[in-house]
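Quick look at what TrEMBL lists:
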type	residues	note
BINDING	75-82, 142-146, 196-199	GTP binding site
DOMAIN	66-343	domain 'Tr-type G'
Amino acid sequence: MPRFPPSPSPNHLLRLFSSSNKRSSSSSPTAALLSGDFHLRQQFSSGNAARAAKGEKEPWWKESMNRVRNIGISAHIDSGKTTLTERVLFYTGRIHEIHEVRGRDGVGAKMDSMDLEREKGITIQSAATYCTWKDYKVNIIDTPGHVDFTIEVERALRVLDGAILVLCSVGGVQSQSITVDRQMRRYEVPRVAFINKLDRMGADPWKVLSQARAKLRHHSAAVQMPIGLEENFKGLIDLVHSKAIFFHGSSGENVVAGDIPADMEELVAEKRRELIETVSEVDDVLAEKFLNDEPVTAAELEEAIRRATIAQKFVPVFMGSAFKNKGVQPLLDGVLSYLPCPTEVNNYALDQNNEEEKVTLTGSPDGPLVALAFKLEEGRFGQLTYLRIYEGVIKKGDFIINVNTKKRIKVPRLVRMHSNDMEDIQEAHAGEIVAVFGVDCASGDTFTDGSVRYTMTSMSVPEPVMSLAVQPVSKDSGGQFSKALSRFTREDPTFRVGLDPESNQTIISGMGELHLDIYIERMRREYKVDATVGKPRVNFRETITQRAEFDYLHKKQSGGAGQYGRVTGYVEPLPADSKEKFEFENMIVGQAIPSGFIPAIEKGFKEAANSGSLIGHPVENIRIVLTDGASHAVDSSELAFKMAAIYAFRLCYTAAKPVILEPVMLVELKVPTEFQGTVAGDINKRKGIIVGNDQEGDDSVIQAHVPLNNMFGYSTSLRSMTQGKGEFTMEYKEHCAVSNDVQTQLVNAHNATKATD
């Protein structure tokens, strides 16, 4: 498929590009030449001629779709991705001045639109925005870098066609970079890497490149190299087009191409050859030229990089310093040149009418409407739903159907988002990211026009690992309190709310201390509700380790109709690799128990498994098999069998040798080498297992598996152990069985609380 089909009619372009009519101020002839615009036009005209000769006619939307890019910017904490987004918006003319992240100037970065984000200098919600660069529409989703907010990152990646992975030239590949990269791989997102902060002391892009190859297993090579580093960082050399690039003007808005400095020519030739060699390993067309020692033109190299990047076999590496306004425009050119347009990405839907069979979506506006709600926000005008349109066209005033709830909804208002500002539009096509108002749905719901019943594959949502008891300080704010909680649960699937039946307290659960702190803070800011917070609680689980038989008769006669139900069978642990947490199997032959009562028995076992007898936490990885039973013509009822199942489970549970499982976290620490011994000793004290220890300059990077129960308040103790120089990140790894002494402690503590209640 040629990359640029012939031009559509002016009317179509007008309709599709009414918002993009102003050409970016940055696309000077020099920059156009650098970005390969010249080569693209040549290819465009030759493609035109070829098709005219064949008498083919391209669909009207083809050209406009080729000019759309949906990208995300993901990175480790403090790699400078919000700063990078701010510069992108500035150069594409979406904003007219640059603000810094921490809001020191009282304004704050455009993408960090919540007060809380400006104060903490971190990005929490992924704000969506769109901009135009060289007549291309670019939708950008800014994603959080904290592990606690990985659901935001996952949701953003689910709807993207390509991504920029930002790496810090000093910090290199850090723990969160690995997590984000793993998520990109899961959702098969082609990516380019951007090594940022080349102006900082200790910047070493080549070290970062080798780390990306080793730790992220990237097949990558630099498409640029810096002219000078640290305070001598002056510009970049484009290895594809063999040009030097300099950035002039107060905000680096004037991109000037020049000759490569004489003292660098040899190194540039070597790095360009390395780039060609690396790409030729994964691209047959280029490999042929490389092996025959034929010269490779810039156009051929660019085409090969594009093919390999879209096929996820290669990651081109760009460089620069967003804070010093260097390298952002060539990165934007790289996004256009190397990342795919919506029609070049394979998206699948599940056909609900055909037993969830996988269907490949064409990605064209001519097909039936298929759109995914990937993010919800409570705006000033009601619920705002972000939609990624995979196929078809959505218009204001149209009726659309929520496949998950089967509700028919009218689209009252359609907007294009720019962080928290919005602009009204009349219609949107496949490949675009828009927002709609007044549509009641949950995140992950699929919308169609009713002609098909497709759902997009559900996003994997991790289980919460930590809980807190919360209650409003004043009784009057109860209404606002529940309003806040219901909004947060709709917005974020990893945030759960429940009620503790014993203490009658509201329990909130999430992905870590920071995650829950942010929500309590948001409650105070946005809903003016002060909440008291109890001690954090770890989400333990229970499981069984061996098979146990049960045979229980539930019999009750108290005048009138009695209760009678007998259940016989066994419980056993599920295999370790099982995806299911609970399985119920009915293996009764004949009619010992009428089939109408079987669902009640399953319900009873499920209810009993919600609370194990060791510490009252849910029982997991358990298989219950019903082999026999007995019923009474008059006294048997659903309630009788449900009660029989509950008591049968409790009776056989102890015989099945139950154990307690606790969440174990993967903790990555970065501490100066002189504190390594102290920190490692402390990890052992917390019953952690150290699984890796690398040296990075003067720092030690320690990886350990530590039970979450022993990690509360760890940030404070790490600061005091390392004089404030240590940092750590942690994410959920798995639930593991606790040791016998810990199990005894937990059971005794649970029994003591039960006795006092």
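For all residues, glycine too, the Cβ spot is worked out from N, Cα and C.
Mean pLDDT, taken over the domain 'Tr-type G' (66-343), works out to 80 on the 0 to 100 scale. Around the Cβ of D78 (GTP binding site), 18 further Cβ atoms fall within 10 Å across all displayed protein chains. Cβ neighbour count for A75 (GTP binding site) (all protein chains, 10 Å cutoff from its Cβ): 27.
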